[in-house]
Amino acid sequence: MAYTVEPREHSKNTTLPTVAMPPSPPSSFSASFGPFRYDTKEVNFDHWTSTKEKVVTGPYDYIAAKPGKEVRTLLLACFDEWLQVPPESLEVIGQVVRMLHTASLLIDDIQDNSELRRGKPVAQNIFGTALTINSANYVYFLALEKLNSLKNPNITDIFTEELLRLHRGQAMDLYWRDTLTCPTEEEYFEMVANMTGGLFWLMYRMMNAESSMPIDLLPVVELLGVIFQVLDDYKNLCSREYGKLKGFGEDLTEGKFSFPVIHSIRSNPEDLQLLHVLQQKSSNEHVKLYAIEIMESTGSLEYTKHVVENIVSQIQEIIYSTDEGQGRGKGILDLLHKITRLS
């Protein structure tokens, strides 16, 4: 059976009905209510205040309020013995490096599921993960904004290149942890040269760009990034002071392939116990002490000490040959002596 649609009969009156417009508000009507408050000629949408700014920077300010050992600030002064950067530029670079370092700690603590930072609860456990991530990202851009005051066209490129380097290194560290993949020592050194060395490179390259007497110390900068991370890995397992600030053996709880762990696993690949400990991500102190016993049995902690000594020797050799007796490397050598006391 076929269906047909009858055409609708149109009204002879095709005039559209008149729509009544709302009356204008009376003079007593508050400008804060009603649709008329959105008259863009009257409304100012830029109401950012210092109170709102504190909301954004709260997690960052929380960590920054209790500074660490300020090693990067000390290193800034060491590099300046060589580069003699103008004081105004040096101040900006120092502020930017501190901002980036502190902001990166906020992200690190989330990625590592940490509990303590500098002896205090981590920021995400106070402010929440989402606001903490936002705060860290915000400070990255505040740092970039601050660099614009240097009026140096090369600075932005340096900033971008070194933050890319840092995130590449961080990605590999996280990938190995999350896939339970033990890297080689060479892969580890490449990773830390990027991850830990990224901010060192950033600091040095910006100072070099602002200096009237630039000098090539990049091999020293790269080795400094490596030695700082190897030392951090060792102290995480063996330092009581470190344990009070970050928690005992936190790298084991995180499941991280730190330098002593890598050496131990590769020294005895048939023994899977240490891999299983990393997989469990245990916070049990007895389990972590047992893992350290395994590393001691493979000589991994002593091996780590020897590697540190070897890197120190390499840095000393480069500095002596570059300095030519002028004494500009004294600051770096003194700092190395201070931070490498492991016993």
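Including glycine, each Cβ sits where the backbone N, Cα and C put it.
Just so it is clear, the model here is predicted, and its values are computed rather than measured.
Going by Swiss-Prot, these are the annotated features:
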REGION    1-26  region 'Disordered'
COMPBIAS  1-12  compositional bias 'Basic and acidic residues'
BINDING   Lys69, Arg72, His101, Arg118  isopentenyl diphosphate binding site
BINDING   Asp108, Asp112  Mg(2+) 2 binding site
BINDING   Asp108, Asp112  Mg(2+) 1 binding site
BINDING   Arg117, Thr196, Gln229, Asn236, Lys246, Lys256  dimethylallyl diphosphate binding site
SITE      Tyr140  site 'Important for determining product chain length'
BINDING   Asp232  Mg(2+) 3 binding site
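What Swiss-Prot annotates, mapped onto the structure for a quick look.
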| residue | record | DSSP class |
| --- | --- | --- |
| Lys69 | isopentenyl diphosphate binding site | coil |
| His101 | isopentenyl diphosphate binding site | helix |
| Asp108 | Mg(2+) 2 binding site | helix |
| Arg117 | dimethylallyl diphosphate binding site | strand |
| Gln229 | dimethylallyl diphosphate binding site | helix |
| Asn236 | dimethylallyl diphosphate binding site | helix |
| Lys246 | dimethylallyl diphosphate binding site | helix |
| Lys256 | dimethylallyl diphosphate binding site | coil |
So of Lys69, Arg117, Arg118, Lys246, Lys256, which of the binding-site residues has the fewest other Cβ atoms within 10 Å around its own Cβ?
Lys69
How many other Cβ atoms are found within 10 Å of the Cβ atom of Thr196 (dimethylallyl diphosphate binding site), counting all protein chains shown?
21
Taking Cα atoms as reference points, which of the binding-site residues Asp108, Asp112, Thr196, Lys246, Lys256 is nearest to Arg118 (isopentenyl diphosphate binding site)?
Lys246
CB-centroid shell, 8 A cutoff, isopentenyl diphosphate site Lys69, Arg72, His101, Arg118, site residues removed:
Pro67, Gly68, Glu70, Val71, Arg98, Thr102, Leu105
How big is the isopentenyl diphosphate site in terms of the longest C-alpha to C-alpha distance among Lys69, Arg72, His101, Arg118, in angstrom?
16
Please report the Cα separation of the residue listed as 'Mg(2+) 3 binding site' and Lys246 (dimethylallyl diphosphate binding site) in Å, rounded to an integer.
11
Closest of Asp108, Asp112, Thr196, Lys246, Lys256 to Arg72 (isopentenyl diphosphate binding site), Cα positions, binding-site residues only:
Thr196
Considering Cα atoms only, can you say which of Lys69, His101, Tyr140 is the nearest neighbour of Asn236 (dimethylallyl diphosphate binding site) among these recorded positions?
Lys69
Which chain-mates of His101 (isopentenyl diphosphate binding site) that are at least 6 residues away have a CB under 8 A from its CB, listed by sequence?
Arg72, Leu199
